[in-house]
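*Asks:* Per Swiss-Prot, active site, proton acceptor is recorded for H352, and the stated evidence type is sequence analysis. If you look up Swiss-Prot, you'll see A276, G277, D299, D330, M331, R348 marked as S-adenosyl-L-methionine binding site.
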Amino acid sequence: MPSSLKLLSNLIAESVDKIEQRCAAQGVPFPELNEVLSFQSEAIRSDTDVAEAIQVIAASAAQLLATAMSPIATLSVVAHQWDVPACLGAANDANVAEILRDAGPKGAHIDDIAKRNGTNAGRLGRVLRLLASHHIFREVSPDVFANNRISSLLDSKKPVEELEKNPQSKYTETSLVNTFVSFGAGEFFKGGAFLSETLRDPVFGHSDEANHSAFNKAFKFDVSFFEWMERPENKDVLSRFSLMMRATTDLLPDAAILNGFDFGSLPDGALVVDVAGGIGSLSMVLAKTFPKLNFVVEDRPQLASDAEPYWKSNLPEALESGRVRLVAHDMFTPQPDLGSPVDVFVLRGILHDWADSYGIRLLSHLRAAAGPQTKLVVIEILLESPCRDPETSTIKGCEPRTVPEPLLANMGAADSVDYSMDMMMMGFGNGQERTLRHYVKILSETGWELKEVIHIDSLHIGPLRPHLIAVPV
């Protein structure tokens, strides 16, 4: 039998062949890393065969490294990977991508970069060299750096002078990716440093409370992350967070919403409630696509007030006609009387913010407000175990996926962002991503039955969150 090394290398070679065959068939090259990003050139990644091959390459390459490298080398790399997000955050805050945009493909010397952002040239150069070693930016000649396909995503498209005068101006509708980087390399990263202390704390380590998290230890406050953001002194954080939540929809194709639950099957005048929907970016996609459906977007008062200008700018007639209503509501209290039966409750990226006791409270209130025709649509990550599960589910859409040996059953590094998200949720509020079994459990405990899981086709941005469809019992 071939060794693991050989099996893994074969998977990579076979997957590369598949990609090149699809590129040849479509008459396009595969995007080169050293080129600046253009979304047109990325289109090939949305090909189903290419997307699947990329997943196999990512999983195989990471497992091949773990197999080939010595254990001490692997542990050393992992233990010191704090430096990558730290350096990424530093480069983002220093507007390096924008400076290099102005420099073009020839790049700029670190001395010239430092003059424009006021940093120490030697230290910033070391930051960029580490990132370039991880294929973020490229060093075209000693101490001369340029953008590549990955780093160019950090470019906010704003003038450097404007960003230096007003750093917060980086985080606007034109630069939604920066909000992910800002939180991932900032607030979430700092909170993660206190994971060990929190896990071993006799109180925090066993608490479901959102104010007993690693984030609380890191930033030394005693309210939940959401309450902390709403304090006047943290208005810039709240603004960035709102943009990040909007980005979770705006950066995804409409298929992430439209190719799941069949909203088109609802009768004219049906009511869809977007629970904790923020400014309503998900409902915006649905309202534009299904003009005969009605929508209510619920969230905390501060976020609900932020939603009004968003709708007035993008679909004012929906507000004016009353087809879309923005309602301030605490989701952990009983649902308000909305004047008509609810056909669909939508929870997108909400349950993962909270521990089970809070999730059960929310689901129970929705069940109490549900009628016999009501559907519950939960749009969340479904975690899988790295091991192969001998049990199979009878729920529609939950058939185990076929993964080639010797890859991990959950595709390992290819889907590692899901497990990183799980740690992020635990770190900033004791929330969590869940497995299928876990969702079946909390839904059944609150009077819901999971009937179907609809998986959205993988695109060049990676697998999209599935839609879990439940009905009252």
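Note that Cβ sites are derived from N, Cα and C of the backbone, with glycine treated the same way.
Buried or exposed, and what's around them? Tell me for each listed feature.
*Replies:* When Cβ atoms from all protein chains are considered, those within 10 Å of H352 (active site, proton acceptor) total 21, not counting its own.
Taking the Cβ of D330 (S-adenosyl-L-methionine binding site) as reference, residues of its chain lying under 8 Å away and at least six apart in sequence are, in sequence order, R300.
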*Asks:* Check G277 (S-adenosyl-L-methionine binding site) against DSSP and tell me helix, strand or coil, would you?
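*Replies:* The three-state answer is coil.
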*Asks:* Round to the nearest Å and give the CA-to-CA distance linking G277 (S-adenosyl-L-methionine binding site) with H352 (active site, proton acceptor).
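*Replies:* So the alpha carbons of G277 (S-adenosyl-L-methionine binding site) and H352 (active site, proton acceptor) sit roughly 14 Å from each other.
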*Asks:* Radius 10 Å, atoms counted are CB only; among the binding-site residues A276, M331, which position scores highest?
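*Replies:* Max Cβ neighbours within 10 Å, all protein chains included: A276.
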*Asks:* Using a 10 Å radius around its CB, how many other CB atoms surround G277 (S-adenosyl-L-methionine binding site)?
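*Replies:* I count 28 other Cβ atoms within 10 Å of it.
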*Asks:* Under 8 Å Cβ-Cβ from R348 (S-adenosyl-L-methionine binding site), six or more apart in the same chain: what's there?
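*Replies:* In sequence order, the residues whose Cβ lies under 8 Å from that of R348 (S-adenosyl-L-methionine binding site) (at least 6 apart) are D274, G277, L282, I379, E380, R465.
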*Asks:* In whole Å, how far is H352 (active site, proton acceptor) from M331 (S-adenosyl-L-methionine binding site) when you measure between their Cα atoms?
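*Replies:* Between the Cα atoms of M331 (S-adenosyl-L-methionine binding site) and H352 (active site, proton acceptor), the distance comes to 14 Å.
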